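If you check Swiss-Prot, you get these features:
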DISULFID  Cys239-Cys241  disulfide bond
DISULFID  Cys272-Cys275  disulfide bond
Amino acid sequence: MSDYLVKALAYDGMARVYAAVTTETIKEAQRRHDTWSVSSAALGRTMTGTLFLGAMQKEDQKITVKIEGDGPIGPIVADSNAQGQIRGYVTNPHVHFSELNEAGKLDVRRGVGTSGMLSVVKDLGFGENFTGQTPIVSGEIGEDFTYYLATSEQINSSVGVGVLVNPDDTIEAAGGFMLQLLPGATDEIIDEIEKNLTALPTVSRMIEAGETPESILAKLAGGEDKLQILEKIPVSFECNCSKERFGSAIISLGKEEIRSMIEEDHGAEAECHFCRNTYDFSEEELEKLYEEAK
């Protein structure tokens, strides 16, 4: 099944809800970055959370999320847009612990760390950016997105993200949900939401069992008839890197740096952090870039 995200209203229009299956997308990220179990889970959760923030944006806006904890994984970066395109990378892809956490799951908190920051940069178009930053509160990532939304954007939310990793490090299931309270929600509605959230199985297990974004939202809303589906968006791993972009980056290094690439290295190889694609520049190509540099 192809990955997709569903946006809907629930609880008499008092909550905005999102759910997504991201299994194929996270499989692609795992393959490109050769991530081990804990790194895969952390990257997949971050990418899925970022996907939800991207889905909240207007058409030409973009979101970049960076989670910098004090764990061995190092910084995790993901970006997404309103079209369901997502990419991401983790600084140390090879983190695996043989011991599971107290809940019998991969110990993502230990990998990410419990001290650090979650920062979000919104590219609003027209060269205008908005940056929000909150401390990491758990290192489990879903709770960290929840805290960011409540603190930085004043939106009471619940974010659940999960990745099920096979013993051979391949991805079995990935996805998540996000629920946001809208102004006017009554205490009764809040109580009902809390009851449904408590009864909800873990996201990765639901997806492994074949649940769809629609069926996850139905569980979240307390029934299919209580949902008003607004939009369905295809989700995929997409990177917009290109040789031209890397050429511009090389030009920005300045003439001296480019001259040293030509004379000492006799060429250059650039690698994209997000997708691991590489771009080779010959001496001749570097000479052309040298002419354009200041």
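Keep in mind that glycine also has a Cβ here, set from the backbone N, Cα and C atoms.
Separation of the C-alpha atoms of Cys275 (disulfide bond) and Cys239 (disulfide bond): 6 Å, rounded to the nearest whole number. Put simply, Cys272 (disulfide bond) is 7 Å from Cys241 (disulfide bond) when counted between their Cα atoms.
Sequence-distant contacts of Cys239 (disulfide bond), defined by Cβ-Cβ distance under 8 angstroms and a gap of at least six in the same chain, are Arg87, Cys272, Phe274, Cys275, Asn277.
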